[in-house]
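To keep things clear, I will list the structure first and then write my remarks on it.
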Amino acid sequence: MTPDLDRKGTVVSLESIQDGEIDILNLGDGVAPTINGDGMPRQFNWLSTLGISFSITNAWAGYMVSILVKAPVTSSEAPNGMQSNFGQILAYGGPRLVIFGSICAFVVQIIVILGLSELTSAFPSTGGQYYLCYMLSPTKSKRFSAFVVGCPDDRCRSSGIQMITASLAGIVRFWHPEYTAAQWHIYLVYIATSLLTCEDHGPKWHLGVANPLVVPIFLAPSKINWTVHTALFLSLTGMALIIIMSLGMCREKQPVSFLLQSGHGESGWNEGTAWMLGIMNAMYCMTGIDAAIHISEELPQPEKRVPQAMTLSVILGIATCLPLSVALMLCMSDMEAVVNSELPSMELIYQATKSKGVTTFLSVWLLIVYAASVPSQWVTCGRIAWAMARDINSPSARYFAKVDDKLKFPVRATVASFGFVAIYSLLYLVSSGAFNMITNSAVLFLNITYVVPQGIVLVSGRAGALPRRYLNLGCLGYLCNAFVIPWIVVLGVFVCLPLGLPVEAESMNYTSAVLIGLFGIVLLLWHQLGRIAFQGPQIDRGLMQEGRGSQSSLTDSEICETPETRDCSQDLANCDFAGDTRVKC
């Protein structure tokens with residue numbers, strides 16, 4: 001049969017559609033950015049996309065840090081200096097806030113992610129949020145909005161490494177209380193963890209210019225899916241082990257009424273403010289859901305698979321956080337000891353099991369879960385840096401935009417991300433508090449990148465800005481987009497409040513200063529580089545307009561039928577291809 005359609009260099013015949021050879025031809029083909037170099041293979045499937053999204057989020061593991069780690073107010077209370085400032089949920093409101101805080105965080109985040117998923121379904125791209133801003137903003141401001149959102153989006157994804165170093169130091173202290181880690185000890189562990197988890201995807205013998213890391217884990221491209229599948233399996237299995245062993249070995253459990261009691265707050269804030277602060281901190285366990293967006297160009301049907309993975313990651317988050325928090329709170333016998341412990345998650349497990357061996361085993365498993373999740377962070381960081389580099393017209397950017405010919409992934413951009421982490425982590429040697437505050441600000445920074453595109457589409461008008469897409473929220477989309485704008489203001493206010501009262505220099509929250517400083521740096525980069533060299537994604541405008549035109553021609557009475565149930569013997573040039581391979585002649 002004569003080919004019926006030639007779109008963007010691809011010849012499509014009716015038989016190819018009926019045989020299932022063509023999955024989708026839609027607007028996404030027109031708006032996908034042009035890839036510099038040879039590009040990357042579509043090596044991810046739906047399960048590995050979910051694995052990357054959930055392994056970075058790891059809601060239950062992140063919540064164990066969030067609910068159980070007390071920010072130190074003096075250096076003597078935290079000899080290893082690596083305690084997270086995300087926590088204090090337990091100190092803010094006790095077990096009741098631990099449980100209901102996760103529910104509130106889930107409700108908020110599912111609204112945020114639904115709105116972001118719809119935009120991603122319309123414009124899937126490795127660039128993620130900055131690409132959405134470019135596509136949705138007015139012509140005069142699209143380059144600026146994309147650049148401003150893209151810069152901090154790549155700098156907020158190394159908190160998993162900090163979890164590993166804090167957990168490792170806490171395990172050592174659990175067995176050797178006399179041990180005190182110097183700051184340079186922690187820094188070396190931090191760098192070693194970064195190296196050992198930086199995923200180069202190449203064979204072990206490939207040590208050319210493309211692989212400048214000293215001690216990387218080299219993985220063949222075929223092992224990437226295996227890595228994220230393993231991380232997902234380890235995470236879910238670890239959660240189940242902690243619940244089963246804690247409940248099974250706990251001799252005296254708290255009554256259910258203990259979970260609903262008030263008056264457990266120790267932060268100094270009034271109950272209402274403490275609850276809001278606890279919910280803000282619980283948001284940490286739902287952060288990083290957007291990771292799936294940044295592999296959009298490496299999986300089939302990203303306009304469908306990415307929103308599915310993002311939404312399911314949030315659902316998995318509450319499905320793991322809620323039973324874990326209930327089980328651990330029922331087994332807690334001494335809340336003050338947990339809050340003031342060197343590694344509170346370990347103390348809580350020990351109170352439940354009364355066995356140092358079992359506690360160490362479960363804590364090491366948790367450590368492995370953190371480590372297995374970090375390579376996904378490197379994948380995300382490298383892809384974002386690569387996407388930004390290919391849209392900047394400068395010699396240095398073109399160098400980092402190169403996709404390795406043999407390994408088929410952006411090695412240079414990934415190595416640059418590692419270099420940035422290694423350099424800015426030097427701040428830890430000067431001030432551990434300042435370093436922790438920067439990494440802990442990721443919750444606010446990432447949520448800002450989630451909200452800005454939704455605010456733009458709400459102001460510019462959803463009907464005119466969004467093309468035909470797999471995930472169409474309809475009127476619900478207006479509610480999601482309208483909700484996130486006041487929410488980010490509330491989040492910003494409470495995230496910047498001091499951790500407790502009375503306020504002292506050692507316990508002050510400097511997130512506001514970090515936010516202003518980062519924004520100032522981004523504006524400086526825009527002035528010196530972005531406004532001159534940042535050109536934005538390269539888009540096939542003709543095919544995009546073709547997709548928009550086909551959208552306007554659809555009516556409710558012309559619901560597409562499958563090729564098997566409708567005679568589509570006409571010229572396929574007059575047919576519209578939807579995301580599920582249905583056609584309208």
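From the backbone N, Cα and C atoms, a Cβ is placed for every residue, glycine too.
TrEMBL does not curate its annotations; it predicts them automatically.
Annotated transmembrane segment per TrEMBL: 89-116 (among others), in sequence order. With a threshold of 8 Å between CB atoms, the same-chain residues lying at least 6 positions outside the transmembrane segment (89-116) that come near it are 63, 66-68, 70, 129, 254, 258-267, 269, 271, 274-275, 277-279, 281-283, 285-286, 289-290, 310-311, 314-315, 317-318, 321-322, 325-326, 329, 332, 335, 338-339, 344, 447, 450-451, 453-454, 473, 476-477, 479-481, 483-484, 487, 500.
TrEMBL lists 226-247 (among others) with the feature transmembrane segment.
According to TrEMBL, the transmembrane segment annotation covers 309-330 (among others).
Residues or ranges marked as transmembrane segment by TrEMBL: 364-388 (among others).
Among the features that TrEMBL reports, transmembrane segment is placed at 409-430 (among others).
Annotated transmembrane segment per TrEMBL: 442-461 (among others), in sequence order. When Cβ-Cβ distances below 8 Å are used as the criterion, the transmembrane segment (442-461) is approached by residues 86, 112-113, 115-116, 119, 128-130, 132-133, 136-138, 145, 149, 152-153, 155-157, 159, 280-281, 283-284, 287-288, 290, 478, 480-482, 484-485, 487-488, 491-492, 495-496, 511, 515, 518 of the same chain, each at least six residues removed from its ends.
Here TrEMBL flags 473-501 (among others) as transmembrane segment.
If you look up TrEMBL, you'll see 507-526 (among others) marked as transmembrane segment.
Touching of the transmembrane segment (226-247) and the transmembrane segment (364-388) is concluded from the presence of at least three CB pairs under 8 A, sequence neighbours closer than 6 excluded. Packing against the transmembrane segment (473-501) from elsewhere in the chain are residues 71, 73, 85, 88, 91, 108, 111-112, 114-115, 118, 266-269, 273, 276-277, 280, 283, 441, 443-444, 447-448, 450-451, 454-455, 457-458, 462, 507-509, 511-512, 515: each is 6 or more residues past its ends and has a CB under 8 Å from a CB in it.
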